[in-house]
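Since the structure comes first, as structure tokens, the remarks are kept for the end.
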Amino acid sequence: MTTFDEILVEAGEFGRFQKRVFGLFCLVSMPWACVFVGIVFQGFTPEHWCRNPVVEDLRGKCGWTLEEERKYTVPLINTTTGPAYSQCQRYDVDWNSTIGCSSPQPNFTVNYGNDVPLTTCQDGWVFDYKQRSSFVTEFNLVCSDAWMVDLFQSILNLGFLVGTIVMGYVADRYGRKLCFLVSTLANAITGILVAVSPNYIALVIFWGLFGFPMKGGWVTGYVLLTELVGVDYRRTVGIIYQMFFSVGILILPLIAYLIPNWRWLQVAITAPYFFFLLYYWWIPESPRWLLSQKRPSEAVTLAKEISKVNGKTLSKNVEALTDGNEELLQPSFLDLVRTPKMRKHTFILMFNWFTCAVVYQGLIMRLGILGGNVYIDFLISGVVEFPAAFLIIVTIERMGRRIPFTLSNIVSGAACLIAAFIPAACIGRLGITMAFEMVCFVNAELYPTFVRNLAVSVCSTLCDIGGIVAPFLLYRLAVIWLELPLVIFGILAFIAGGLVLLLPETKGRPLPETIDDIENPKRTKETKTYQLVTLLPSDVTTN
């Protein structure tokens, strides 16, 4: 009996074959990042105030600027950051009674006394576009309808949640390659439907459908990559795969700057998924999945192809390739919680996925409410993510998984708490990026092959729940105190960091194939060591 890990040593653990597949999948991470945080630009809310048709005519006659129009027609109100012009009320006065084009406000006192009447924005709003449009400006999602922007992002994460579970099951039941291609086709179709949405209701429906296959396809690509490479390369492959997500974060503000219309920006984000359909001819099925489905002949054929492309030669042991299971194992949700260690892993990883989503998305969306140049701020915050990948690569080889995973959460939590009083949010972004990148590949390393994709998908549904919560948590709490969300982020990250210490170390361990590998790792290691020794030539074992 020969395992796939043993065959990979002969065929090449990260040769030309794996590098080609790896490069193709890295491209998938970039548009996925644009979808994940695209609301910062597609749902941008510019400065706005109540529209008054009569005043618009006066502005043309008197030569007022937009700033003067706002000054004359909108009252000042007290906010958490000081006095500001109201965005949801205007003076309810008879503008025909004003005198000349000089400041009309003194005349208000003459006609109405000190209690100038106010009214809501009955005629819509004036948006200070600055040559940018978003679905917020197109559908007037401000003031009493501002919650619809929160709902927009939450619907996307709801699509992620449901779709990831479904796609995780499909990937474990019908194969990684089929799952990826089906999700890609769905992404391409629904992405275009989002761009042509005629109204807000249609937009939300199509946006949810767009999210349904999105994350599941990305997770499937990640799992397929980890199953194609040797144990010594899993960490690097997983980290760089996610680092291209950060590349997408850097590219997004440039694309948004060049394409200021939210509909055409959506088309630009969707276009790569039509290209990814060509992967049908370029990516393989997972050999580990083939073995778990009792299809060893196909796995052997693929192993031979890998060795041929990598310029290696396989021994006769390849004909004995197996996953070590006597029966065909089908994925089940109960497998994730049936046994003690699997159950512990599942709950801890779920909480970490939730925390990563809330803190990461919260810190990004916070850029949109701080003022300043959102393009520059977004770009700078994206650059901060790159050191995270290098820090992980350097530390996990020396310290394992648990300590860097724990420290990244704690650093993020501490930075968020500090940033509530002094600027330190960039450090928080660095820490949570490290945690986000680590939870993904640690999740994949802690579950057996036949249920691995489902496990990552189910655990990461808490990431989607976090994404649903994050907009409401950020925008509603920021109204009370701008820095209050940071306090919540910090507490969550501290708790997540402590829970990571309860997980086992996976450094240097082969991917588990069965639940018994998880529940009894020492016994399984001894058995596999004995099997490997019996497969080696006698002259090697005696030296």
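Using the three backbone atoms N, Cα and C, a Cβ is placed for every residue, glycine included.
Look at TrEMBL and you will find 109-508 tagged as domain 'Major facilitator superfamily (MFS) profile'.
Residues or ranges marked as transmembrane segment in TrEMBL: 21-44 (among others). Packing against the transmembrane segment (21-44) from elsewhere in the chain are residues 132, 134-136, 141, 149, 152-153, 156, 210-211, 214-215, 217-218, 221-222, 224-225, 228-229, 237, 240-249, 251-253, 255-256, 262, 265-266, 269-270, 272-273, 276, 279, 282-284, 361, 364-365, 367-368, 374, 378: each is 6 or more residues past its ends and has a CB under 8 Å from a CB in it.
Residues annotated as transmembrane segment in TrEMBL: 151-171 (among others).
According to TrEMBL, the transmembrane segment annotation covers 178-196 (among others).
According to TrEMBL, the transmembrane segment annotation covers 202-225 (among others).
Residues 14, 18, 22, 25-27, 29-34, 36-38, 41, 221-222, 225-226, 229, 265, 268-269, 374-376, 378-379, 381-383, 385-386, 388-389, 392-393, 433, 436-437, 440-441, 444 of the same chain lie 6+ residues outside the transmembrane segment (237-258) yet bring a C-beta within less than 8 angstroms of a C-beta in it. For 237-258 (among others), the entry in TrEMBL reads transmembrane segment.
Beyond the transmembrane segment (264-283), the same-chain residues lying 6 or more positions past its ends with a Cβ under 8 Å from any Cβ of the stretch are 20-21, 24-25, 27-28, 30-31, 34-35, 38, 41-42, 177, 180-181, 184-185, 187-188, 191-192, 194-195, 224, 255-256. If you look up TrEMBL, you'll see 264-283 (among others) marked as transmembrane segment.
Residues or ranges marked as transmembrane segment by TrEMBL: 347-369 (among others). Only residues 6 or more beyond the boundaries of the transmembrane segment (347-369), in the same chain, are considered here, and those with a CB under 8 A from a CB of the stretch are 36-37, 39-40, 44-45, 153, 157, 377-378, 381, 409, 412, 416, 425, 428-429, 432-433, 435-436, 439, 442-443, 446, 459-467, 469-471, 473-475, 478, 482, 485, 488-489, 492-493, 495-496, 499-500, 502-503.
The transmembrane segment annotation in TrEMBL covers 375-396 (among others).
Residues or ranges marked as transmembrane segment by TrEMBL: 403-424 (among others).
The annotation transmembrane segment is assigned in TrEMBL to 454-474 (among others).
Here TrEMBL flags 480-503 (among others) as transmembrane segment.
Against the transmembrane segment (178-196), stretch 202-225 shows more Cβ pairs under 8 Å than any other of 151-171, 202-225, 454-474, 480-503. Through the fold, the transmembrane segment (202-225) approaches residues 21-22, 25, 28-29, 32, 35, 135, 139, 151-152, 155-160, 162-164, 166-168, 170-171, 176-177, 179-180, 182-184, 186-187, 190-191, 193-194, 237-238, 241-242, 283, 286, 440-441, 444, 452-453, 456-457, 460, 464 of its own chain, all at least 6 residues removed from its boundaries and within a Cβ separation under 8 Å.
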